[in-house]
Each structure stands twice: as C-alpha cells, then as structure tokens.
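Look at Swiss-Prot and you will find 22-34, 89-98, 156-164, 217-224 tagged as topological domain 'Cytoplasmic'. Positions annotated as topological domain 'Lumenal' by Swiss-Prot: 59-66, 125-129, 188-194. Taken from Swiss-Prot, the feature transmembrane segment covers 1-21, 35-58, 67-88, 99-124, 130-155, 165-187, 195-216, and the record attributes it to similarity to another entry.
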Amino acid sequence: MTLFHFGNCFALAYFPYFITYKCSGLSEYNAFWKCVQAGVTYLFVQLCKMLFLATFFPTWEGGIYDFIGEFMKASVDVADLIGLNLVMSRNAGKGEYKIMVAALGWATAELIMSRCIPLWVGARGIEFDWKYIQMSIDSNISLVHYIVASAQVWMITRYDLYHTFRPAVLLLMFLSVYKAFVMETFVHLFSLGSWTALLARAVVTGLLALSTLALYVAVVNVHS
C-alpha cells in the first residue's frame with residue numbers, strides 16, 4: 001500500500017513534466033541540457049534569495065501577522081524573473097522554445113529540490129496522508145506558473161513590444177510575483193483549509209495563464 005501510494009504521488013508529480021517535455025517538441029531540439037542549465041541557474045538564484053532573506057528579514061515566529069514584512073519578502077521573487085530572463089537570453093531560437101526551456105528547467109529544478117525528498121520519505125510511510133497528493137498536485141500548478149512567468153518575461157523584454165501592451169504585461173508580472181503572498185495572506189486571515197487553499201491557487205494560476213496566453217497570442221499576431 002505504501003509503495004502504491006508513493007507510485008501514485010510520484011507519477012502525479014513527475015509525469016506531467018515528462019509529458020510537457022515530449023509534447024512541447026523540446027525533445028526534437030535536443031534541449032535536455034538547456035533545461036539542465038536552466039535548473040542550475042535556478043539553484044544559483046535560490047541561493048542568492050536565501051542569503052538575502054536570511055540577512056535582511058528575520059523569520060516570523062507567530063503573533064501579529066507582519067503584512068509589510070511578508071510583502072517585502074515576496075518582492076524577492078522578482079529574482080526568479082531575472083533568472084528566467086537570463087536563461088532565455090542565453091538560448092537562441094523561437095520565443096516558444098525559449099519560454100519552454102526556461103520554464104521546464106526552472107520548474108523541474110524546484111520539483112527535485114523541494115518535493116523529491118518529502119515524497120520519498122513521507123509517501124512511503126505506514127500511514128496514508130493526503131498532503132503528499134496535494135504536494136504532487138501543487139507541483140503541476142508550479143509548472144504552469146513558471147510557463148506563465150517565462151512568457152511574461154519574454155514579452156516584456158521584446159524591444160519591439162508595442163507600448164499599448166506594456167502596461168498589461170507589467171500588471172500580469174506583478175500578479176505573478178505577488179500571487180503566493182496574496183494566497184498566503186488569505187489563508188492566514190480566513191483560516192482556509194489545505195484543499196481550499198490548493199483549489200484557490202489552481203484557480204488563480206489558471207486565470208493568470210489564460211490572461212497571459214491571450215496577451216501572448218495578441219503580441220505574436222501583431223508582430224508577425
């Protein structure tokens with residue numbers, strides 16, 4: 001039973017990444033090592049973020065919720081956008097190729113570093129726990145999030161982007177950066193359950209994805 005539970009969690013977490021890699025055409029471009037390079041960049045960016053947070057922002061230990069402090073901590077996630085831009089700027093090719101390489105490499109590195117060990121240790125435990133199913137589902141939401149963020153970075157860094165599109169792209173980037181902060185605040189204020197919080201994150205990420213896709217199609221059509 002425990003091995004079956006671990007297999008379900010592992011498949012739910014990792015197979016969407018494999019399917020995305022195969023179906024997006026990245027395998028035809030031999031982009032595996034490009035994705036690995038994106039993952040290495042992810043590790044470097046996360047190390048810089050941790051050092052910055054540990055130096056300038058103390059850990060919140062309960063009591064009154066520090067709204068301003070948590071907002072400032074969330075602002076550090078701008079470094080992810082900078083890292084994604086760095087990855088895309090070092091890859092030649094079409095826009096969708098750059099976006100998928102950066103997003104898939106970034107999301108896979110996060111999956112391995114933040115969820116691999118908890119799944120291996122926890123999902124193989126004696127007792128069944130829904131939190132590992134939730135963790136696996138959340139990894140799929142993260143994949144969509146990084147695809148969305150990469151598309152936004154690609155659009156905003158186009159030198160020929162029409163000025164009419166720029167405010168919309170910047171707004172979507174702002175929402176992507178502070179989405180986790182907003183969700184955490186709602187969970188804290190309204191004491192949302194784990195499934196409710198996961199559903200809310202999925203809905204918000206889906207809305208951002210649809211908005212970004214519509215804007216991406218408009219930008220590509222205008223500049224084609």
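Placement of Cβ uses the backbone N, Cα and C atoms for every residue, glycine included.
Averaged across the topological domain 'Cytoplasmic' (22-34), the predicted model reaches a pLDDT of 85. Beyond the ends of the topological domain 'Lumenal' (188-194), by six or more residues, the same chain brings 65, 130-131, 134, 200 to within a C-beta distance below 8 angstroms of the stretch. With helix defined as DSSP H, G or I and strand as E or B, the topological domain 'Lumenal' (188-194) counts 4 helix, 0 strand, 3 coil. Here the topological domain 'Cytoplasmic' (89-98) has long-range neighbours at 25-26, 29, 31, 34, 37, 150, 154, 157, 220, meaning same-chain residues at least 6 beyond its ends whose C-beta is under 8 angstroms from one of its own. Same-chain residues lying 6 or more positions outside the topological domain 'Cytoplasmic' (156-164) and placing a CB less than 8 Å from one of its CB atoms are 85, 88-89, 170, 173, 219, 222-223. If one looks beyond the topological domain 'Cytoplasmic' (22-34) by at least 6 residues along the same chain, the residues whose Cβ comes under 8 Å of a Cβ in the stretch are 91, 93, 97, 100-101, 104-105.
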